[in-house]
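**Student:** Quick one: the structure is below, and I'll ask about it shortly.
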Amino acid sequence: MRSLLQFLALSAAIALCVCYESHESSESAEDLFVPPQQANSFMTPQRGNAYSPPRGNGNNFNLMRTVKSPAERRAETCEDYSPCRFYAYRHGFQQAYQRYFGSGTHPQQRPAAAARRY
């Protein structure tokens, strides 16, 4: 029993010495999750698939990048802003984007029909 306790104490001391953090690398201090805007910054897109294999010398990275439609880009912008996202659940992304990001100024109110002079 006494030798078992000595072995456990020695094992704990060795574990503490081996697990000492040297501060040479701060990888353990990095965030586990990255923001959505940076999610694809370190991942390269697939070079091809069974339906469109890469041709030539493989320098077609820019040709195979998908170009997002303006509607998809607006929807992603709206998803990042929570009030716009909640409004979009009820009214759709197009209306939500127009409401929150549509124009820099508020639309001018038209004068009444009686006030118009032709």
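For all residues, glycine too, the Cβ spot is worked out from N, Cα and C.
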**Student:** Scan SER28, SER41 for the residue that Swiss-Prot records as phosphoserine.
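**Tutor:** Record lookup, Swiss-Prot, feature phosphoserine, residue SER28.
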**Student:** What residue among SER11, SER22 has an entry for phosphoserine in Swiss-Prot?
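**Tutor:** Checking Swiss-Prot against SER11, SER22, the phosphoserine entry points to SER22.
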**Student:** Among the disulfide-bonded residues CYS78, CYS84, whose Cβ has the fewest other Cβ atoms within 10 Å?
**Tutor:** CYS84
**Student:** With Cβ-Cβ distances below 8 Å as the criterion, list the same-chain residues six or more beyond the ends of the signal peptide (1-19) that contact it, or say none.
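**Tutor:** Long-range Cβ neighbours of the signal peptide (1-19): none found.
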**Student:** Suppose you look only at the domain 'Gla' (56-102); what would the mean pLDDT be?
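**Tutor:** Here the mean pLDDT over the domain 'Gla' (56-102) amounts to 82.
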**Student:** How many Å lie between the Cα of GLU76 (4-carboxyglutamate) and the Cα of CYS84 (disulfide bond)?
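**Tutor:** So the alpha carbons of GLU76 (4-carboxyglutamate) and CYS84 (disulfide bond) sit roughly 10 Å from each other.
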